[in-house]
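For reference, the structure discussed in these notes is given below.
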């Protein structure tokens, strides 16, 4: 996650705008979240470094834009690792698929991006209470590309989900818990099909919990990232909300990150018994500049899972409850996720997109 007033420029260090991701030790080691708002003297890094688990520990892997679309069947190792291309093939057996609306509670979306603009619907700016959802940092744009970049248009990349609409719900700058609550409530009231929220924090907050409960009761799953501190967030003092709500709310799906090639946790991924599933943390996506680049972190993992859930909802012969969705995601996951060093088994598996489709399409 990366919200605020900075900008994402390919190929340069983004220290000072919240994106100097290798330098995470410079961020606070303990939460500075205030009861109702997060202090922000100004600037992206200051605005969100107050969140103890600020989720763009998304280290840039390389620079440079792609000049042609990666065809679905040749999608990179990220999506092949969880059998997304095979899931696409399975989904094509359903001739009539529902359009699914995904709300991204994030920094907004680059509305003019060639590989996103036809999938974007009107959203909401929680801070300014208007429809200005133009991204200024790049994180929301990256998340949008993973979930729903336009497919088969000979441009850029293919998102995980095809029959999709992306609703940006923008939060940025000086952020209060009430802004997250308002964002989730707006998504629920707009009757979206699912929500992605990639921020996380330590303090429990009643207003946010109430809005997440409202989403669960409305049968709208909320997909969130476990965070990027490399910690066991079930230990005292290492709590990570909203992921921890997964223990009690069927509507929350908490996602950790793995390496692409193997089944080990990504080096920065948090983990816990209440994590529901993992997915690769290294992803290609759309950028604020209008191009394409890659980043790494559990935000990308959550976006992959959200895309697969969007596919599930699109092809399902009947509406799926949040409890059913969570059960399918967990029960079809591939066991064998291990710790960073490959020694300790994790209590959750890695996403298997094909098996989820096979479970939904009988």
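Cβ atoms here come from the backbone N, Cα and C positions, even for glycine.
Just so you know, TrEMBL annotations never went through curation; they're auto-generated.
Small disclaimer: the values here were computed from a predicted structure and weren't measured.
What TrEMBL lists as active site, charge relay system is 106, 139, 299. Annotation comment: TrEMBL describes 98-336 as domain 'Peptidase S8/S53'.
All protein chains included, residue 299 (active site, charge relay system) registers 31 other Cβ atoms within 10 Å of its own Cβ. Following the DSSP three-state reduction, the secondary structure of residue 106 (active site, charge relay system) is strand. In the three-state DSSP classification, residue 139 (active site, charge relay system) falls within a helix. Taking the Cβ of residue 106 (active site, charge relay system) as centre and 10 Å as the limit, one finds 32 other Cβ atoms among all the protein chains shown. Residue 139 (active site, charge relay system): 33 other CB atoms within 10 A of its CB, across all protein chains. The two recorded residues residue 139 (active site, charge relay system) and residue 106 (active site, charge relay system) have their Cα atoms spaced 7 Å from each other. Residue 299 (active site, charge relay system) sits 11 Å from residue 106 (active site, charge relay system), counting Cα to Cα. In the three-state DSSP scheme, residue 299 (active site, charge relay system) falls into the helix class.
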